[in-house]
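Asks: Could you have a look at this structure, given as structure tokens, before my questions?
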């Protein structure tokens with residue numbers, strides 16, 4: 001063997017060091033990876049929002065847009081799995097059924113309910129009406145086809161993107177603690193868990209974030225998905241703007257951060273001064289600061305009359321496209337939900353709005369009333385600021401984990417899935433020296449369910465911790481369905497308010513057949529659960545699965561188990577047996593009785609054993625497809641109109657003449673508009689801030705996706721054909737000085753049903 005020359009040794013060393021510094025791991029890839037993302041914002045008007053069950057919370061604009069984000073991991077010529085994260089309250093069984101039908105028509109048996117997981121982030125600020133069971137669509141006046149279609153379409157397009165982006169790559173995993181983004185909102189229930197069990201944990205909520213980093217062999221990092229427990233309730237039950245809440249915000253922050261990193265001066269961890277990434281400085285060169293010339297230039301651009309437009313004009317004017325490399329896949333970052341059942345982002349605590357004193361510890365009431373007790377977010381009293389702060393905290397932790405991810409995922413890709421009837425499932429409970437078989441119960445909701453939580457209190461005289469019920473409300477309940485003795489005994493100590501599992505008119509009120517699913521990617525195992533597990537319930541499920549996996553050589557010693565909450569369908573909460581006894585909101589919302597968690601642990605354990613042994617599992621009974629039975633009472637848009645002498649897109653309220661604004665000022669412009677339901681502007685925008693470059697070139701600067709820009713729509717009364725759109729721009733701290741204007745895009749419906757797109761512009765103004 002010949003030894004290399006000294007020169008060759010130097011070059012070898014240089015190449016070795018270069019590879020060490022590279023983002024790309026230069027090794028044979030075990031996987032094909034593909035990521036995708038698509039707009040699922042939905043109707044921004046007239047539709048009740050999903051989450052708080054507040055009939056008054058009707059969408060009337062956009063805080064920032066919602067997206068579906070997906071990753072596919074495939075072994076060449078082997079198994080593959082798909083995970084989709086939705087900026088939506090939860091997954092819907094009907095959405096999954098129809099999505100799988102589309103995927104089978106497109107790809108055959110490549111993607112089925114077995115290897116596709118659809119998970120929601122649990123924002124309470126997205127349009128409702130897309131689930132199929134009565135109890136979840138009552139407040140939205142039944143089924144909303146537009147909400148449903150945009151989600152199914154968006155998920156399909158997201159998966160198609162990810163599929164078409166499949167390329168050789170590597171995956172890395174990292175974990176870390178995030179201490180200030182969640183608190184336990186039902187601490188009295190948590191304290192009912194055994195002291196010995198509680199002593200194993202430092203906190204009464206999970207503080208750990210688990211992150212996957214996806215790296216393309218050629219392009220380098222392509223995206224990240226992480227799981228962390230905190231509710232999507234930074235935005236309150238009175239908010240009417242569509243929003244991804246704190247997790248949607250974190251995703252937008254991280255995607256912007258990555259697209260811009262290296263192109264703008266940033267501090268040590270990659271954030272600008274106020275922590276939130278901006279883009280404007282990157283795409284617009286600094287201008288001279290001749291104030292008087294700018295003022296004269298702005299004065300030459302007065303608000304024009306509204307004019308016709310094409311739908312593509314709004315899409316073409318979006319901001320983020322200017323940052324992308326045409327031939328490189330878009331960076332995708334998803335902030336997924338896990339066992340968030342009792343975890344609130346309102347970290348300052350709960351207080352009475354009448355006295356300012358802390359709420360009652362056991363019942364979260366103030367003078368006996370639940371509706372006076374509210375949790376406070378870190379930006380209190382500004383819910384938009386609380387959303388930004390909690391989103392930013394998750395974003396910063398994710399960047400830290402992303403930059404430090406070094407443990408490579410290696411091993412098989414596999415999956416197991418089963419449908420389980422939870423209404424009367426036999427559960428083997430082990431006891432000392434014996435075992436007992438019990439059954440779960442048909443679904444039912446307790447009185448404390450109607451009390452709501454400190455994130456969104458209920459009404460009337462309901463309260464958390466109620467294990468007796470109320471004679472008056474029992475009479476009201478009996479008008480719908482009187483539970484029998486067997487059902488009452490099965491759910492004890494929960495007093496039944498709604499016997500949803502036995503209510504079948506006009507169709508099923510609650511699910512009974514639920515999907516459970518295990519996805520494996522190397523040493524990472526994802527447990528897809530169709531509900532909200534509390535902190536301790538999630539810990540018990542993860543520990544049970546880890547116990548089964550730890551004895552298997554195929555997984556190695558470093559096993560990562562994450563729970564993907566609100567996945568594939570929705571069946572409300574899952575508490576521990578001990579938490580159930582307390583009957584806080586979460587216990588009252590545990591549908592299948594006190595042994596629901598034990599049933600999940602039993603069935604997931606079966607799936608994991610089958611995964612290890614390579615054995616198939618029985619598919620179980622198919623859930624119903626209730627699409628043809630859906631009822632919708634939401635009235636359609638009849639027509640849009642403007643006052644005589646006014647065009648769609650005209651300014652109703654413009655910026656003052658010769659205006660000059662400073663950083664942190666609010667600029668507000670109102671346009672004559674039309675109902676946003678006429679065209680959802682999917683992958684487009686209703687609102688836009690433009691920057692004047694040179695003498696006559698307007699450059700997109702901020703749009704519907706930006707935290708600083710809000711689109712608010714209103715009509716003078718419910719059935720009015722007249723409406724207005726107010727666009728508010730809170731000028732960012734790092735904005736480039738210059739001349740700006742605000743634009744509005746919309747679509748009006750004519751009396752005969754035709755749709756006409758339009759656009760309008762404000763007068764130009766100076767930002768100094």
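Cβ atoms are placed via backbone N, Cα and C, with glycine included.
Keep in mind that TrEMBL annotations are predicted by a computer and have not been checked by a curator.
OK, TrEMBL features for this one:
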- 1-27: signal peptide (SIGNAL)
- 31-602: domain 'Neutral/alkaline non-lysosomal ceramidase N-terminal' (DOMAIN)
- 122, 231, 532, 573: Zn(2+) binding site (BINDING)
- 344: active site, nucleophile (ACT_SITE)
- 604-767: domain 'Neutral/alkaline non-lysosomal ceramidase C-terminal' (DOMAIN)
Asks: In Å, rounded, how far does the Cα of residue 344 (active site, nucleophile) sit from the Cα of residue 122 (Zn(2+) binding site)?
Replies: 12
Asks: Quick one: give me the count of other CB atoms within 10 A of the CB of residue 231 (Zn(2+) binding site).
Replies: 29
Asks: Have a look at the recorded positions (122, 344, 532) and report the one with the fewest Cβ neighbours inside 10 Å.
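Replies: So among 122, 344, 532, the recorded positions given, the one with the fewest Cβ atoms within 10 Å is 344.
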Asks: In sequence order, what residues of the same chain, 6+ apart, have a Cβ less than 8 Å from the Cβ of residue 573 (Zn(2+) binding site)?
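Replies: Counting only residues 6 or more apart in sequence, the Cβ neighbours of residue 573 (Zn(2+) binding site) under 8 Å are 341, 531, 532, 533, 534, 585, 586, 587, 589, 590, 591.
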Asks: For the Zn(2+) site (122, 231, 532, 573), what does the 8 A shell look like? I mean other same-chain residues with CB within 8 A of the CB centroid.
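Replies: Nearby residues not in the site list: 337, 340, 341, 343, 531, 565, 566.
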